[in-house]
Each structure stands twice: as structure tokens, then as C-alpha cells.
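Engineer: Structure incoming, see below.
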Amino acid sequence: MANDITAHWKDLLRKRLASLKPDGRTEEEKKAEESELFSKYYTEWKGGEKGEDDSFKHIPRFYYRLPAEDEVLMQKLREESRAVFLQRKSRELLDNEELQNLWFLLDKHQVPPTTGDEAMISYESFLKVGEKAGTKCKLFFTARVYAKLLHNDPYGRISIMQFFNYVMRKVWLHQTRIGLSLYDVAGQGYLRESDLENYILELIPTLPQLDGLEKSFYSFYVCTAVRKFFFFLDPLHTGKIKIQDILACSFLDDLLELRDEELSKESQESNWFSAPSALRVYGQYLNLDKDHNGMLSKEELSRYGTGTLTSVFLDRVYQACLTYDGEMDYKTYLDFVLALENRKEPAALQYIFKLLDMENKGYLNVFALNYFFRAIQEQMKIHGQEPVSFQDVKDEIFDMVKPKDPYKITLQDLVNSGQGDTVSSILIDLNGFWTYENREVLVANDTDSNAADLDDT
């Protein structure tokens, strides 16, 4: 009996000593085992993978389900892993010191002669700089990048300034993508309206041109800014925009232009995101809201702009757009303004076309054109003008658009023709129709005034 107990203890001691021997595995192997064990125990805790097919072991996984609300552990794991990933990507970017060092190296390796005031660099020197600049710069020093920037230099060189601006632009794009991705709660590569609102709200203090805005106006400013992104980048009203689309359009450039403390007055007035522009749009809304209930009735909206939008068109606005007890809120008003102020843009034409296409047929026929133009004729009578024949106007519209089907005008026809803004103005706005009808007189007046200015000089 005693011998059995002694043998048992000897066996336990041998096992203990064996476990104390140094582990010969690498850190990567240990982490791999840790990850494997975590997956195994987590799967067991969730109830296991019942009825899993053998093919799952051979087919790569291509769909990753988002964790449900009750899967707190998976949500936390996903958030942490995304944060670590974005931090790593951020560290891979060139910082200011590294960019300055790159500029110094490029300047040191410039190859004469200069072209005008621009310093140039040859491909051989370009590769030398790439070797000295460090690993972070490797992706910029490729034959493809050099060929992109190669123009008509007789010595086969590229401009140092153009190359450096290319690097700066790439770094900025990656920084901005990482910054936007931090607000991508779902981690799917797109931003919802609330995500973009948070991004712009936190961006406001970094934009000197917005220093004069009262904090009480921030919510209206954010709404004004966000609506432009969603009006043009989310035409199907999915409620989300791809981060790639945000980076590809010029809106973010316009927004970040407000970092310039010396931005000209003209630039501010033409920039939708500037303080003067946002205050102008909001001020117009308040001026239209005569009963001060925070909403616009059809009668109040009829005074928009020059007050010459037809009642038939306004009826369609209130039928087709989201309203509350027959009145329009600020967000819906912003869509209306963006459509009318950007009538050349496809998204704006889509908005107006939807209102003109009363029967949702996907095209405008002679009946639809006549329905809207009759309101223009009625307004002309009210103002003591001789009504223009619809047949003449109809023929002019079809001549301008040149639709594929000679009896139907589709949205694509309007976009392709480049005359969508003119056609929509003729049908919905008396002032727009008058401008079109008297275009030759207006051009002649402009020519005369320009000639007079030249004579004065």
C-alpha cells in the first residue's frame, strides 16, 4: 500500500517538473493557441456549432455576422479589435517630422536644370530618395507613381512639388478615412446620419471660420451640413453613405477649407458649409415662417426666392415630400433648397423629376408637361402678360432634350441632354420661364453693358 502511494507521488512530481521546463514555442505560436482556445471555449459557452457541414473546414469564410445586442462580449471584442486596427493604420502614416524629412531629401536630390521655378528630380534620384526615406515611404516610390506624374519634361523628370503634393494628399486621405472610420459604429464602411452628425459636431471647434457661431446654432449648422452629404450621396434614401463616397466627392474639401483663417468673402459665400451660407439658409427659413411655429405651410413656402414658383408645383412638393400635418420641417426644407439651387446636378434633377412625374411612370409625357405649364400660363395672365402657346414650348422642350422615345422624357434623358435645369425652370417657375423666353434680349443687354465698360476704360 505504502509502495503504491510512493509511486503515485513520484509520478505527480515528475509531471510537475516536466511542466516547469521552459516552453520552446514562439510568441506567435502561443498567441495562436490562445486564440484557438478562446474560440473553442466561447463556442462551447454559446452552445456549440450544431450540424456543421464538413465543407466549412475547406471553404473560406466570407460573411461575418454583426453581433446582436445581447452579445455584449462579441460587441466589446469587435470594438476593441477595430480600435487597435485603426491605431495601427494611423501609426503607419507619415507624421509632420517625417514629411519635413522627405521634403529635405527631395530638395537635396533635385536634378538641374529647373523648369521655370520648379525643382525637378530624375527617376534614378527618385529611387535613391526612396531608399533613404524609410519604410513608411516605400509605397510612394514606385514606377507607377513616377509615371503618373511624368509629363512633358525633355529629360524624363518629374516635379518635386507635384510629387510632394501627391504624398501629402494621400496621407490626408488616409488620415481622414481613419478619422471617419472612428465614427462608423457598425464597422461596415459607411456612416449613418447620426454618425456623420457626431463627426461634424466634433469638427466644428477645429474650423476657425466657424468660431463666430453661437453654440445654440450648432444643431442647425450640423443639420444643414449633413443634409448636403445625404442629398447628393444617398439618392436612394438608404440612411447611410459609404466612407469611400465621402472621400471621393469634394464636400469634405469644402468643409475642411474652413480651416483657412484668411478665406475670402467670395469663397465663403459660395461654400455651403460656411457660416454665412448656413446662416443665410436658416435665416430664409425663419423669414418664411410667418406664424413662428417652426414649420412651413404651403402658403409660407410660396414666398420662397422670387415668389414665382407655381402653386401646382408646390402642391406636388407637399404631396411627395415628408411633412407633418401638412407642414414642412427644416430638414425637408434643406432638401428643397439643395434641389432648386443645384438644378444642373443629377441628384437635384431626380428630386424635381419625381415631383413632375405625377403618375410615377418613370417618364414625362405631353400631358405632364401641359399640366405644369398651364400654371405658368395662368401666372402670366395675372401679371398682364400674353400667355405663350404650349405647343411651341412643348416642341422646344423636346428639341432641347432629344429623348430616345420622341413621346417620353425620362430622367436619364434630362441628365444626358444637359438641359435639365432649363426644362425644370420652364415648368415650375415663372421667373425661370421668363428668363428662358427673353434669353436673347438678356444676352444682348450683357454684351452692350460689357462694351460700354470697355469704352469707359
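Heads up, residue numbers simply count up from 1 along the chain you see.
Note that Cβ sites are derived from N, Cα and C of the backbone, with glycine treated the same way.
I grabbed these lines from Swiss-Prot:
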type    : residues                               : note
BINDING : Asp289, Asp291, Asn293, Met295, Glu300 : Ca(2+) binding site
DOMAIN  : 276-311                                : domain 'EF-hand 1'
DOMAIN  : 344-379                                : domain 'EF-hand 2'
Engineer: Could you tell me what the rest of the chain brings near the domain 'EF-hand 1' (276-311), counting residues at least six beyond its ends with Cβ under 8 Å?
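Structural biologist: Contacts with the domain 'EF-hand 1' (276-311): 213, 217, 220-221, 224-225, 268-269, 317-318, 324, 326-330, 333-334, 336-337, 340, 372, 375-376, 379, 428-432.
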Engineer: Under 8 Å between C-beta atoms and at least six residues away from its ends: which parts of the chain pack against the domain 'EF-hand 2' (344-379)?
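Structural biologist: Those are 231-232, 235, 308, 310-313, 316-317, 320, 335, 338, 387-388, 390, 393-394, 397, 405, 407-411, 414-415, 418, 420-421, 424, 426-428, 430, 433, in sequence order.
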Engineer: Which are the residues of the chain, Asp289, Asp291, Asn293, Met295, Glu300 excluded, whose CB is within 8 A of where the CB atoms of the Ca(2+) site average out, their centroid?
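Structural biologist: Those within range, site residues removed, are Leu288, Lys290, His292, Gly294, Leu296, Ser297, Glu327.
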Engineer: According to DSSP, does Glu300 (Ca(2+) binding site) fall in a helix, a strand, or coil?
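Structural biologist: Reduced to three states, the DSSP call for Glu300 (Ca(2+) binding site) is helix.
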Engineer: Let me check the 10 A CB neighbour count of Asp289 (Ca(2+) binding site). How many other CB atoms are there?
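Structural biologist: Around Asp289 (Ca(2+) binding site), other Cβ atoms within 10 Å: 19.
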Engineer: Since the record lists Asp291, Glu300 as binding-site residues, which of them has the fewest other Cβ atoms within 10 Å of its Cβ?
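Structural biologist: Across Asp291, Glu300, these binding-site residues, the one with fewest Cβ atoms within 10 Å is Asp291.
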Engineer: Just jot down the residues in the same chain as Asn293 (Ca(2+) binding site), at least 6 apart in sequence, with C-beta under 8 A of its C-beta; none if empty.
Structural biologist: Glu327
Engineer: Looking only at the domain 'EF-hand 2' (344-379), how are its residues distributed among DSSP helix, strand and coil?
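Structural biologist: Once the DSSP states are binned, the domain 'EF-hand 2' (344-379) shows 25 helix, 1 strand, 10 coil.
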Engineer: Quick check on the domain 'EF-hand 1' (276-311): DSSP residue counts for helix, strand, coil, in that order please.
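Structural biologist: Tallied per class, the domain 'EF-hand 1' (276-311) gives 18 helix, 2 strand, 16 coil.
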Engineer: Which whole number is the mean pLDDT over the domain 'EF-hand 2' (344-379)?
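Structural biologist: Taking every residue of the domain 'EF-hand 2' (344-379) together, the mean pLDDT is 95.
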Engineer: Give me the count of other Cβ atoms within 10 A of the Cβ belonging to Met295 (Ca(2+) binding site).
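Structural biologist: Other Cβ atoms within 10 Å of Met295 (Ca(2+) binding site): 19.
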